[in-house]
Amino acid sequence: MQLTHLNKQNNPTMVDVSDKHITTREAYASGVISMSEQAFESAINHTGKKGPITQTAIIAAIMGSKKTSEIIPMCHPLMINKINVDITPNPAEHSITLGVLVKCEGKTGVEMEALTGVSIGLLTIYDMLKAIDKSMVISDIALQSKSGGKSGDFVREDS
């Protein structure tokens, strides 16, 4: 299988989507940030010095999804119809799971937008809590599902 972002001369190229059909595209990705009990309590109780941590992470995830084509070199700019961010606190593990759903009507998928949104949202949590806990760990960033397009649907088996 040939990589789609390389031309015949093996140089980087942006995929031509001119002949693709416009379809509804949707992708959901998630990731986890683990932290100390003190950092977790600060995040959940909104007592961080930098403001409301989870709400800021939601806004950052939305912004990250919208800016994907500006920071990932071969991503096409997309007209995004919907971005939904969910945050799930996991008190027993002192962790937060952040998920991003992105939807559009377009010629190319929104997987990268969902993954970028998750990454930026989790990095924002790290930034806002690093004064409390520099040992936080961001992990398990993964595409959980996607629908639409030529390659069909995908659902992660372990999700």
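Note that Cβ sites are derived from N, Cα and C of the backbone, with glycine treated the same way.
Remember, it's a predicted structure, so these values are computed and weren't measured experimentally.
Annotated substrate binding site per Swiss-Prot: MET74, CYS75, HIS76, MET112, GLU113, in sequence order. DSSP assigns MET74 (substrate binding site) to coil in the three-state reduction, outside any helix or strand.
Residues or ranges marked as active site by Swiss-Prot: ASP127. In the three-state DSSP classification, ASP127 (active site) falls within a helix.
In this structure the residues listed as binding substrate are MET74, CYS75, HIS76, MET112, GLU113; their two most distant Cα atoms lie 12 Å apart. Those same-chain residues not listed among MET74, CYS75, HIS76, MET112, GLU113 yet with C-beta within 8 angstroms of the centroid of the substrate site C-beta atoms are THR68, SER69, ILE72, LEU78, THR108. For the pair GLU113 (substrate binding site) and ASP127 (active site), the C-alpha distance works out to 21 angstrom.
Secondary structure at MET112 (substrate binding site), taken from DSSP and collapsed to helix, strand or coil, is helix.
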